[in-house]
Amino acid sequence: MTNMAVTRELFDQVMVPNYAPAEMIPVRGLGARVWDQQHREYVDFAGGIAVSCLGHCHPVLVGALKEQSEKLWHVSNVLTNEPALRLASKMVEATFAEKAYFCNSGAEANEAAFKLARRYALEHFGAEKTQIIAFNQGFHGRTFFTVTVGGQAAYSDGFGPKPADIDHVDYNDIAALKAIMSDKTCAVVMEPLQGEGGIISPELDYVKAVRELCDQHNALLIFDEVQTGVGRTGALYAYMNLGVTPDILTSAKSLGGGFPIGAMLTTSVIAASLKPGTHGSTYGGNPLACAVAEAAFDAVNTDAVLNGVKEREGWYREGLAAINAKYHCFAEVRGKGLLLGCVLNEEFKGRAKEFLNAAMAEQLMVLIAGANVVRFAPSLVISKEDITEGLARFERAVAKIVNG
Ligand SMILES: *Cc1c(COP(=O)(O)O)cnc(C)c1O
């Protein structure tokens, strides 16, 4: 096995085929650049899907990981640990929340949130209050509960009976939500900017109206900030710019800057419904993950980084507008901070994956969000030089597609 050739073909031989990864295999990263097995260098506008908030191998994260790796890796939740308590204190200090729960991914954070909402409703309002309302095109993870709450039935179909009493309505349509809500609603689950669903921002009065409806029906408002959280939109959490406070918030992706961790934040009153034994995770709140996340959280939660996100958004928007002025392929560029989507116009409709492939050929990593949107979710501290170089590569990719 020592001299085994590690190639892309090996993926097809030994991996479950639930992914279709690109041909190149990255082996090293630094900042917003990545190198493959052939030493080809790529500019990274994907950020590991909104995860690598400080780029690759940021010295602060490497330092935190090295330091903790020589102290204590894992003890389980039979014991607590210092990094978890420090991280929880900082997250509580910086947000509306009074309590934190740690796990290993976004889906697990949402799973905890949904279970907590159901249990809280049971304890405070009785067994009838179980309805969870979520939004079409929403995304909340791939466990069976979270994927069922997600707004694309295709992702949850075909696995047998689904968790029950989950309804979906259109995002940004307050009348639709109002029509379906009642005192049996236990929670409304929303992304404060739909990521996977196509980079769709909520209208400000809409979010306020959702909050009011939740209050009216004693339903909890759950914000899934797995993609928007930890600086992505230019605020520490997106709710902070919306004038609305959720009851439960979930965070993952950028929280660990590349090390797997998820968190659920809530108030003391709501948290009280998760008593010893009601929920848990072997790895959740693991010292290694929490030490890295604490370093990432400290680094991102500064005026310099958060304001820098807004500045970088400006550079992207300028560059993309210039590309669009030449090639006329985007209907609009939408999103917030460094979660941006180029929406393809009628002429290029449905061809986002072609743009991604063309970008990869130009040594630029980008994402898509559905068939019509090319998505960028780069490092929050990506340099102006890397943005300029990446956009130059993007322009070449766009030119190839537009010119056939
Ligand atoms: C990525 C994502 C998730 C799922 O997170 P995992 O870590 O893949 O489980 C959940 N919600 C949103 C909004 C996401 O973007």
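Note that Cβ sites are derived from N, Cα and C of the backbone, with glycine treated the same way.
TrEMBL entries are annotated by machine, without manual review.
Pulled from TrEMBL, these are the features on record:
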type	residues	note
BINDING	GLY106, ALA107, PHE139, ASP224, GLU225, VAL226, GLN227, THR282	pyridoxal 5'-phosphate binding site
BINDING	ARG142, SER281	N(2)-acetyl-L-ornithine binding site
MOD_RES	LYS253	N6-(pyridoxal phosphate)lysine
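Positions of the features from TrEMBL, shown on the structure.
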residue	record	Cβ neighbours (10 Å)
GLY106	pyridoxal 5'-phosphate binding site	28
ALA107	pyridoxal 5'-phosphate binding site	23
PHE139	pyridoxal 5'-phosphate binding site	26
ASP224	pyridoxal 5'-phosphate binding site	31
GLU225	pyridoxal 5'-phosphate binding site	30
VAL226	pyridoxal 5'-phosphate binding site	30
GLN227	pyridoxal 5'-phosphate binding site	28
LYS253	N6-(pyridoxal phosphate)lysine	29
SER281	N(2)-acetyl-L-ornithine binding site	18
THR282	pyridoxal 5'-phosphate binding site	10
Cα within 10 Å of ARG142 (N(2)-acetyl-L-ornithine binding site): which of the binding-site residues ALA107, GLU225, GLN227 qualify?
ALA107
For ligand 1, pick out the binding-site residues PHE139, GLU225, VAL226, SER281, THR282 that have a CB under 6 angstroms away from one of its atoms.
PHE139, VAL226
Cβ neighbour count (10 Å, all chains) around ARG142 (N(2)-acetyl-L-ornithine binding site) is 14
Translate the DSSP assignment of GLY106 (pyridoxal 5'-phosphate binding site) into the three-state scheme.
helix
Rounded to a whole angstrom, what is the largest C-alpha distance between any two of the residues GLY106, ALA107, PHE139, ASP224, GLU225, VAL226, GLN227, THR282 that the record assigns to pyridoxal 5'-phosphate?
25
Hey, does DSSP put ASP224 (pyridoxal 5'-phosphate binding site) in a helix, a strand, or just coil?
strand
Rounding to whole Å, the Cα atoms of PHE139 (pyridoxal 5'-phosphate binding site) and SER281 (N(2)-acetyl-L-ornithine binding site) are apart by 22
